[in-house]
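> Sharing a structure with you now.
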Amino acid sequence: MVIEKRESFIEVVINSLLNDNPAQAKFDKYSILVSLGFSSLLSVILLCIFTLLRTKFNTYDRCIPPMKKSLWGWIEPLWSIKVEDCLYNMGADAVISLLFSRFCRDVFLILAAICCTILIPINIVATNKTLANSDSQNAYAKLSIQNVTGNWTWAHVVICYVFNVLVLFLLARYYQIVMRIRQRYYRSPTYQQSMSSRSLLIMDIPTTMRSNNGLSILASRLKSSEAPMHVHICHAIKNLPKILKKHDNAVRSLEAVLAKFFKNPKKLPDDRPVRRVKQGLLTSEKVDAIDYYSAKIENYGLRVDAARESLYENEFEHYGFITYKSSYIAHDTARHNSRVAGASVSMAPEPSDFLWDNLSLAWSTRLFNRMIGNILFIILIIAWIIETALVAIFISNLYHLGSVWPWLQQQLTSRSGFWSIVQGILSPAVAGFTFMILEIIMRRISYWQGSFTKSSRERGVLNKLHIIFTLDNFIIYTLMAVFWRLGVIIAYKTKEEGNFAEGMSAFATFDTVGLSVSSFVQFSTFWIMFIAHSTCSFFVEIAQPITLTIRLIKTKFFSPTPRDLLEWTAPTKYVYSQVLNKLIYFFTIAICYACINPLVLLFASVLFCVNYLTQKYILMYVSNSSTESGGGYWRPVVNRILLGLELANIILFLCLWVQGGRVRAYCIIPNFSFAIAFKIWCMFALDPKSHYMIEDPYMKVVEPLENEISESEMCFGHPSTYAPLLVPMVRSDARALLPLFYSGRTETHNKFDFATDSDDASEKHLRGEEEPLENVDFVDIDNVDTAKEVHDQQQVQQLKKNLSRSYTRSRGVSLRARLNEEELPLTESITQDSQISIPETLESQSTEITPINVSEHYDKYYHIF
């Protein structure tokens with residue numbers, strides 16, 4: 001019997017790392033093919049599902065622009081309509097987001113054509129001449145710069161200059177387009193008619209000036225061509241938003257109880273619905289659920305009314321608003337005044353864009369939260385390296401996991417086909433799932449740091465996501481295999497020498513830079529799989545299989561409330577930080593591999609083409625902007641594009657340095673100055689014309705007359721001070737049975753025969769002689785589209801009533817002659833939208849309402865996809 005010494009764990013790992021493994025190269029090849037095949041098949045299936053369901057459920061008469069009823073009728077508007085012409089339909093943020101997607105598409109279509117036709121043949125020829133046994137090499141390695149040395153790399157230097165000039169040239173052209181679009185947005189009727197376009201937000205007002213008279217004195221110190229028309233400093237609202245939220249939760253709870261009880265009005269349950277209420281620490285009793293929630297609704301409603309009536313008895317906040325006659329005067333004043341008397345000055349955002357809780361925070365609190373938030377972000381970056389290491393080392397390359405798991409190593413050898421499928425699907429899926437978690441964490445940190453507006457919070461999320469994606473999920477993710485190899489070698493050396501100090505000596509002889517560059521080049525196969533899977537994800541967004549499945553299950557097996565049904569018909573909210581971060585992430589990956597592995601460019605060009613078409617359809621027919629910042633995302637996006645360009649230059653410089661071409665590496669250095677010079681040019685030539693409205697004698701700015709500005713239009717403050725209270729929604733076929741079970745007040749008129757209140761009714765509301773508001777809103781669940789339209793009209797009418805009441809009017813100081821009471825129009829808009837405007841509160845308290853121009857965008861309410 002012969003006894004053989006068994007290799008130790010460290011020796012097995014060392015052999016697997018240091019020795020070339022032809023099986024692994026074949027395994028990686030099949031993994032890429034499986035990944036591409038799976039992504040292509042799933043994309044085709046999702047596209048077919050979307051095409052079939054769209055023709056069945058779409059409401060064509062309300063689509064703007066209209067679509068044909070054919071299977072592929074949805075593609076024609078995407079080709080025929082220019083993005084620039086959709087400004088008034090989609091908004092500036094949506095247009096600029098699509099322009100950035102189109103910019104990426106143009107860049108990578110041109111780069112893919114250049115690099116694939118020039119660099120790939122050069123790489124193949126150079127690899128065959130460099131390596132005698134090139135036939136045994138990985139086919140993907142032949143397409144890259146991995147084995148290219150000598151004068152062959154001059155082609156990569158030339159291409160580096162080409163893509164730097166190309167990116168900056170196209171970026172300059174798109175920058176000018178964005179500048180013109182933002183100026184068109186500033187001059188649009190929708191923006192001009194909004195109160196916020198003519199107002200300044202004054203933050204951190206000194207204690208001695210926290211009054212309307214003090215704010216008037218502060219306004220007189222501003223460098224402005226004209227005096228302001230109106231100033232208003234806000235009052236503290238204390239616990240009013242919490243009471244309003246409890247009221248809305250009680251309404252939704254009552255709706256859930258009634259929806260379950262009246263699920264089948266022809267066959268009601270024998271017993272009334274009940275719920276358990278705590279009576280003590282350990283005891284509870286059953287009470288009638290309908291009566292319980294009805295009492296809570298009435299109680300919270302009275303508390304909300306009392307809090308609103310006593311609002312102006314509260315102390316003043318440290319922020320206020322100054323309103324001018326025209327938007328140009330407000331922009332010009334904001335341009336020349338950043339601070340005055342210790343207070344900060346900026347353009348007032350839209351009412352729906354405010355984060356009112358953060359607006360009330362003191363300067364010291366915001367500073368402390370910002371500091372703690374940055375510390376937490378740094379800790380998260382470091383902690384996320386562990387997750388990145390596990391995924392990068394073991395999931396993206398199962399042979400690394402097999403080196404420490406003998407059973408898996410045996411399986412990889414015997415069943416390589418099956419495990420290549422697992423690696424091709426699992427690794428990009430796990431990476432995508434971890435990226436989703438990051439976005440949620442970043443948004444919470446940005447909110448806690450004290451962002452004033454939702455758009456600034458989203459820009460903060462974009463900045464943080466870009467840092468952690470580029471650092472952790474791209475650079476460290478790609479180089480983690482090198483760190484793994486270095487750690488194993490140090491452990492092996494320590495065991496062999498019996499001394500950790502001797503083990504660390506291996507670090508001195510370890511070719512860190514060379515192996516890092518080699519790992520970066522070899523990791524291109526993973527990024528090809530990841531880009532292919534991400535392309536498939538865009539078809540998931542447009543087909544919405546998960547959302548439709550969840551809603552189908554809820555509809556068939558549960559009891560959704562009428563409000564749920566109405567909310568499902570509302571357009572979804574488009575999250576720009578998430579979408580733009582993904583595009584920047586893909587741009588950074590693809591541009592870094594432009595000269596290293598041109599095959600990545602081919603897949604990136606397909607990804608951006610698919611993204612442009614799908615996102616254009618979504619923004620035209622499916623989603624709305626949650627808030628409108630007027631294109632404020634463009635400058636952060638450009639900064640990150642320039643950073644990605646510089647990172648690509650650094651990586652190519654290191655590759656050429658490792659390949660022995662020191663002179664060729666030095667030739668890359670001038671490229672670093674191009675992006676810096678471009679940024680300086682943008683700061684002085686383009687940014688001032690983009691951030692503020694500029695005076696143009698050929699474009700007339702709509703300036704409202706003094707007698708066209710009503711007092712109700714001067715309404716600033718937290719939306720909870722004027723938002724209509726929610727009323728319970730019940731299905732219309734339960735109208736006759738409802739009085740038997742519900743003791744609250746109801747209206748007997750048909751909601752589908754909705755009519756606006758007359759002038760006499762409005763006067764009654766002003767005098768306080770209003771009729772009791774209805775406590776129940778009946779909804780025909782068999783005709784949700786019509787019910788949605790009627791309910792929206794009712795909410796708008798109720799909002800106008802609230803704005804006409806005395807406690808919601810601005811009690812600021814008017815710096816012009818007051819109008820007579822008979823001349824005060826009571827139904828002016830207070831938000832950005834013309835004709836029908838709904839503040840952010842309706843969005844937050846009744847999510848089926850969206851702040852859009854209903855006459856132009858109502859098709860989105862009815863469009864299922």
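Glycine is treated like the rest: Cβ placed from N, Cα and C.
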> To which residue among ASN128, ASN358 does Swiss-Prot attach the annotation N-linked glycosylation site?
ASN128
> Under the annotation given by Swiss-Prot, are ALA665 and SER188 positioned on the same side of the membrane?
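Judging by the topology that Swiss-Prot records, the two residues are on the same membrane side.
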> Name the residue among the glycosylation sites ASN128, ASN147, ASN151, ASN624 whose Cβ has the smallest number of other Cβ atoms within 10 Å.
ASN151
> In terms of Cβ proximity under 8 Å, which residues at least six beyond the ends of the transmembrane segment (666-686) contact it?
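Residues packing against the transmembrane segment (666-686) from afar: 157, 160-161, 164-165, 168, 171-172, 175-176, 179, 638-639, 642, 645-646, 649, 652-653, 656.
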> Need a quick answer: max count of Cβ pairs under 8 Å to the transmembrane segment (641-661), which of 32-52, 107-127, 152-172, 375-395, 512-532 is it?
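Stretch with maximum Cβ contacts: 152-172.
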> If I take the alpha carbons of ASN624 (N-linked glycosylation site) and ASN151 (N-linked glycosylation site), what is the distance between them in whole Å?
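Checking the Cα atoms of ASN624 (N-linked glycosylation site) and ASN151 (N-linked glycosylation site) gives a distance of 53 Å.
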> I'm trying to understand the geometry here, so how far is the Cα atom of ASN147 (N-linked glycosylation site) from the Cα atom of ASN128 (N-linked glycosylation site), in Å to the nearest whole number?
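On Cα coordinates alone, these residues lie 9 Å apart.
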> Could you put numbers on the helix, strand and coil content of the topological domain 'Cytoplasmic' (533-582), residue by residue per DSSP?
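Secondary-structure composition of the topological domain 'Cytoplasmic' (533-582): 39 helix, 3 strand, 8 coil.
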> Pop the mean pLDDT for the topological domain 'Extracellular' (604-640) in here, whole number is fine.
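That stretch averages a pLDDT of 90.
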